[in-house]
Amino acid sequence: MSVRLVVLVSGSGTNLQALLDAAADDAFGAAVVAVGADRTGIEGLARAERAGVPTFVERVGDHPTRDEWDEGLAGRIAEHKPDLVVSAGFMKILGPRVLGAFPVVNTHPALLPAFPGAHAVRDALAYGVRVTGCTVHLVDAGVDTGPVIAQEAVPVREGDDEESLHERIKTVERRLLVETVGRMAREGWTLTGRTVRLGTGRVAGQAADGPTPGRITK
Ligand code: GRF
């Protein structure tokens, strides 16, 4: 029995690929049951198709309002009954319908709360930091403000540009995302205040009524 993941992408989908590769082994404890996107014609969707995973596209521009897009996206995700949604390079802010219905994990290419937003790598370089990194966090209503689950540092090298630094961060990011999602699936997790604890929930496969990947307490 494995935890059902819906992965959301907007681009090249290398983080998605890392999850697909990890999930090929049953011992990972989670399966990618669908991949959703906010645009067509991206490599992320092609990766899903090659892996035989169902895909869906929900474009903001196809809805009269952002709220209706949020509702549409929540409906498309719900069709696949995920235990956990993973935003892996999904370049849209998720709305209350999606966030109210499913726990969502995001991967971000900076050490939050430093450099939130869509240009984290560029912003870190412009600031002149010597160390940046990546963050896996639960998504809340803010922009990259949700509770941190895991972080790893990546040094900035002399002569780095946005592309070289981002590629080095992404190498770490893919491993951290796979490790973190795998632990959440296998060991469970809880959120208390802003503290995420791994290894505190029921282990996937042990529950009589199906896996319980996470729990939010006050
Ligand atoms: C990742 O660095 C992610 O954190 C950022 O966009 C990148 C997506 O890469 N938001 P990919 O599509 O998984 O290759």
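Every residue gets a Cβ built from N, Cα and C, even glycine.
Predicted automatically and left uncurated, TrEMBL annotations should be read as such.
Since the structure is predicted, the reported quantities are computational estimates derived from the model, not experimental observations.
Summarising the annotation, TrEMBL assigns active site, proton donor to His108. Summarising the annotation, TrEMBL assigns N(1)-(5-phospho-beta-D-ribosyl)glycinamide binding site to Gly13, Thr14, Asn15. Taken from TrEMBL, the feature (6R)-10-formyltetrahydrofolate binding site applies to Arg66, Met91, Lys92, Ile93, Leu94, Asn106. The domain 'Formyl transferase N-terminal' annotation in TrEMBL covers 4-181. Among the features that TrEMBL reports, site 'Raises pKa of active site His' is placed at Asp144.
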Practice task
Drop a 10 Å sphere on every Cβ of the binding-site residues Thr14, Asn15, Asn106 and tell me which sphere holds the fewest other Cβ atoms.
Solution key: Thr14
Practice task
Sort out the sequence-distant neighbours of Ile93 ((6R)-10-formyltetrahydrofolate binding site) for me: same chain, 6+ apart, CB within less than 8 Å of its CB, listed by position.
Solution key: Val143
Problem - Sparsest-packed of the listed binding-site residues (Met91, Leu94) - C-beta count within 10 angstroms - result: Met91
Practice task
Whole-number Å only: compute the distance from the Cα of Met91 ((6R)-10-formyltetrahydrofolate binding site) to the Cα of His108 (active site, proton donor).
Solution key: 11
Problem - Lowest local Cβ density (other Cβ within 10 Å) among recorded positions: Arg66, His108 - result: Arg66
Fill in the blank from the handout: Candidates Gly13, Thr14, Asn15, Asp144 (recorded positions) passing the 10 Å Cα cutoff around Asn106 ((6R)-10-formyltetrahydrofolate binding site) are Asp144
Exercise for the section: Taking only the Cα atoms, work out how far Asp144 (site 'Raises pKa of active site His') lies from Leu94 ((6R)-10-formyltetrahydrofolate binding site), in Å, as a whole number. Expected result: 11
Handout entry: List of residues, in chain order, with Cβ under 8 A from that of Lys92 ((6R)-10-formyltetrahydrofolate binding site) and at least 6 apart
Key = Ser10, Asp38, Val60
Completion exercise
Pairwise CA distances across Arg66, Met91, Lys92, Ile93, Leu94, Asn106 (listed as binding (6R)-10-formyltetrahydrofolate) top out, in Å, at 20
